[in-house]
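**Student:** As annotated in TrEMBL:
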TRANSMEM  7-26  transmembrane segment
TRANSMEM  46-76  transmembrane segment
TRANSMEM  88-106  transmembrane segment
TRANSMEM  134-156  transmembrane segment
TRANSMEM  168-193  transmembrane segment
TRANSMEM  213-235  transmembrane segment
TRANSMEM  244-263  transmembrane segment
TRANSMEM  283-301  transmembrane segment
TRANSMEM  321-339  transmembrane segment
TRANSMEM  364-387  transmembrane segment
Amino acid sequence: MGKRLYGLDFGRGLAILGVIFAHSFMGQVTGWNSNILFDLAKKTPIVLLILVFIPVVALTLMGSLFSFITAVCVTISSIKITAKGGNLIWRYIVMKMVFAFVLKFLEDFWGQFLNDVNFFKEHRFYIPTTTLLYWSHTLDDVGFFSWFVPLLVYLFSKIPRLDYRHCMVIFTVLGIVLLQFNDVTIEYCIKLGEWFESHEFYFFYYLTTKLDNGAFAILQYIPFGMFGAAFGLLFSHTNDFKQYWTYCAILSVICFAFGIPNLLNDYKTFVTAVFGWIKPKSYLFFMGAIQSIAMLICMHLADNPKRPVEKRYRTVRRTTFLRRINVLSLTAYIFEPRYNRTVLMFYKLLFGEGADRQQEICLWSWHVVLLYMLVCTTLWAFICVLWEKGHFRFSMEYQLSCIMSWLFQQPYNKMDYKSAIYGPVEELKKEMEAEKTKTAAEVEVVVKDSA
């Protein structure tokens, strides 16, 4: 498929919106204490529990959707670059490796600066120090997928007699195996990290903690990178949505076939464990299926050529705000804790404390919680509109572009935001006009023939 897949852009925007929406309550009010969430559930009417509460919880747990779609996007990009020939693909992979480290530096520095530093509270100005985080965040997965997935795709493409369908099978099998045995890989990685630390290889110890520690430990989520690579290969070689849905159905059936037996072992601790750092296998398998379906729904609405162009145009126009949010995706991940905390500070003036963390009870009613989450997400969308008027200056994406351009002495234009936000609308508008012109010409021919 040659053109940009618009559904992937607003799919990632939807994932970011979900982060802002879900983290506003779970991160800032409950402090990630799931017991407070369950206390709120007890106070919620059963109808609202089904229509609102459960979907919100599901959205909270789909934190890997952004990383998964990132794996799809970098696969498509790497295939296009490889087709140009030469050593461009190796330059691309090196740039993505550097990108991963620069992104990590920006996240650690700004994340701690925004969350921990308060000059007015401390009564002094000072240069803050940055503590290295020995656990993984979503952006660790994004950085890792950005270079590791294209590297694997390129290496597999060099194996003789191995076409893209064979590679899809390999990536799918790899993903399933890594999901099923992720506890084993994490255990061995922890032992390897301990060995590195005991022998004073501290940098390598730091790297292993990114693999085995944290709610988004890379070894937990690398299977989604494999699935993303398989989808990326498929999207690059055909534009047949029937094939897309066929592969999605096969992958989903496999994931549920592995997830359900694992759930029989996990069911006693499943509900609480999904909010922990090391996720249950069953949850990961279910997410593998659910996020694949969610991505394809987004693509069907925006990219399926068999869907009337007028409907696709309306979908793309109405999701402009999601593409705008996607442009500031990295900024959202880094700014989100400080942003939500600031909104909460003003919200508490009206409604008081939201939760008693010691007693593990929610002090707000369900409608106050829902209003707070909606305020956070709506306000962020409005901030993105205002920030666009300033060309997104000083955002994380802007800083990344400046640093990468300086390091590689060439434009690294991650801030070509107008084409990302408004390009899809303009392209579909042209497609509509071309279709109208074609229809008018066909009608004219019919009239002449009948005359």
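The backbone N, Cα and C atoms fix where each Cβ goes, glycine too.
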**Student:** Please indicate, using numbers and ranges, the residues of the same chain that are 6 or more beyond the transmembrane segment (321-339) and have a C-beta under 8 Å from a C-beta there.
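**Tutor:** Distant Cβ neighbours of the transmembrane segment (321-339) are 6, 9-10, 12-14, 16-17, 19-20, 23, 27-28, 66, 103, 106-107, 110-111, 114-115, 137-139, 142, 376, 380-381, 384-385, 387-388, 392, 395-397, 400, 417, 420-421, 424.
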**Student:** Hey, would you say the transmembrane segment (213-235) packs against the transmembrane segment (88-106), going by three or more CB pairs under 8 A that are 6+ residues apart?
**Tutor:** no
**Student:** Please report, as numbers and ranges, the same-chain residues at least 6 past the borders of the transmembrane segment (7-26) whose CB is under 8 Å from any CB of it.
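**Tutor:** Apart from its flanks, the transmembrane segment (7-26) reaches 32, 37, 56, 59-60, 62-63, 65-66, 69-70, 72-73, 138, 294-295, 298-303, 316, 319, 321-326, 328-329, 332-333, 336-337, 339-340, 343-344, 354, 369, 372-374, 376-377, 380-381, 420, 424.
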**Student:** Look over the recorded stretches 88-106, 168-193, 244-263, 283-301, 364-387 and say which has the most C-beta pairs under 8 A to the transmembrane segment (134-156).
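**Tutor:** Stretch with the highest Cβ contact count: 88-106.
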